[in-house]
Amino acid sequence: MGRQFGHLTRVRHVITYSLSPFEQRAFPHYFSKGIPNVLRRTRACILRVAPPFVAFYLVYTWGTQEFEKSKRKNPAAYENDR
């Protein structure tokens, strides 16, 4: 079975580091570096990402409009009904 909790297996060549929660900041440089970096990265890739989304939106709206038109009845087919 397993070993007791105080006598666990030693793991060699594993180094861990820790920092006290009192010595670290929650959001360092969040507004000064984070938001400008997001804007820079967005501007860098917008021309690769936006065209497929725009094309999909146009095809989707066209398809939805065509579907709604195809559900309507043709009034000319019912002119002579009484």
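For all residues, glycine too, the Cβ spot is worked out from N, Cα and C.
It should be emphasised that the depicted structure is a prediction, and the values quoted were computed from it without experimental measurement.
Annotation source Swiss-Prot lists topological domain 'Mitochondrial matrix' at 2-39, citing experimental evidence. The list of residues near the topological domain 'Mitochondrial matrix' (2-39) in space but at least 6 beyond its ends in sequence, with Cβ under 8 angstroms from a Cβ of it, is empty.
Long-range Cβ proximity for Lys33 (N6-succinyllysine), meaning a same-chain Cβ under 8 A and a gap of 6 or more residues, is found for none. The annotation N6-succinyllysine is assigned in Swiss-Prot to Lys33 on the grounds of similarity to another entry.
According to Swiss-Prot, the N6-acetyllysine annotation covers Lys33, on the basis of similarity to another entry.
Per Swiss-Prot, the feature transmembrane segment maps to 40-68; the stated evidence is experimental evidence.
Swiss-Prot lists 69-82 with the feature topological domain 'Mitochondrial intermembrane', giving experimental evidence as the kind of evidence.
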